[in-house]
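According to TrEMBL, the features are:
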- 56-265: domain 'G-protein coupled receptors family 1 profile' (DOMAIN)
- 41-63: transmembrane segment (TRANSMEM)
- 75-93: transmembrane segment (TRANSMEM)
- 113-135: transmembrane segment (TRANSMEM)
- 147-170: transmembrane segment (TRANSMEM)
- 212-240: transmembrane segment (TRANSMEM)
- 252-275: transmembrane segment (TRANSMEM)
- 287-305: transmembrane segment (TRANSMEM)
Amino acid sequence: ELNIYLLFLPDFTHATMKVNQTNLKEFILVGFSLYPHVQRFLFVAFFALYLLTLAGNLAILGLTWVDRSLHTPMYLFLRALSFSETCYTLTIIPKMLADLLTGNRSISVTGCGLQMCFFLALGGTNCFILTLMGYDRFLAICYPLRYPLLMTNAVCGHMVVSAWAGGFLVSVTETALIFRGSFCNPNLIHHFFCHMRAVVRLSCLDSDLTEIIVTMISVSGLMGTFLLIIITYVFILSTVFRIPSAEGKQKAFSTCASHLTVVIVHFGFAAIVYLKPEASGGDDTLIAVPYTVITPFLSPLIFSLRNRDMKNA
């Protein structure tokens, strides 16, 4: 097919074809078409992981809603994270599964913009909620007597709304920068979804400058939230080590273990995607799989299996 043939054209041909085209109607998501012999296996594997991810997140949403003992800020944040991750996977995985099954890899320019906007927004929201969960643990361990006054359900709700607002504010800014101009042929996105780096390279405007700007925004948000979490855990650890009894230390650590594990997984995989140098090579399609498929699958498992209250519920 022409689209597959264009993948292997030399760079100078791509540069020659990059002319202004304001009536570009759709993109082609190259994705896993480079691996034709394993597409059915990938469909089965991703579909199974997606069902387990949905089941895990919906179970957390249901349990934290039904069990009144879980109506605390800690589990309100967990419910917000599960809902955000459910929406996050909905923006990418169903389209990816349909492409693997049918081979129809086209997506309209408008659909691409919406997918990118919601993907970035919900990914940013997840980072903000994980940061708020770290702050919640910080207050609970470092200021246990004042915690009920400092972290009420109402305060928790306001924080969650702020996290969503912040995620969408960053996302709309980045998406507007990328889609402010027209796009040029070939209309091939070398990814299985509308990843911002892959899309911005098709812009007829100064794509290098735009890519630097949107990458810096994403990296700043990623590193900023991760740094805040690290700072909170420095204070948490300093407080825990001052607890005289071993049982008290173990109890304090157990309340943070699930959150810290998810933070390491989430930010570790995200760093591989967004901090990978441009000239380092490698297939961006495969590199993005852990961040978009594996992380949402692991999060509900970690929070459920390592949490006594959730297991009891």
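Even glycines carry a Cβ here, placed using N, Cα and C.
Just so it is clear, the model here is predicted, and its values are computed rather than measured.
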Cβ pairs under 8 Å between the transmembrane segment (75-93) and the transmembrane segment (212-240), at least three: no
Maximum Cβ pairs under 8 Å to the transmembrane segment (252-275) - stretch from the list 113-135, 147-170, 212-240: 212-240
Sequence-remote partners of the transmembrane segment (113-135) [C-beta within less than 8 Å, at least six residues beyond its ends]: 74, 77-78, 80-81, 84-85, 87-88, 91-92, 95, 107, 159-160, 162-164, 166-168, 170-172, 174-175, 178-179, 193-196, 199, 218, 221-222, 225-226, 228-229, 232-233, 259, 262-263, 266-267, 270
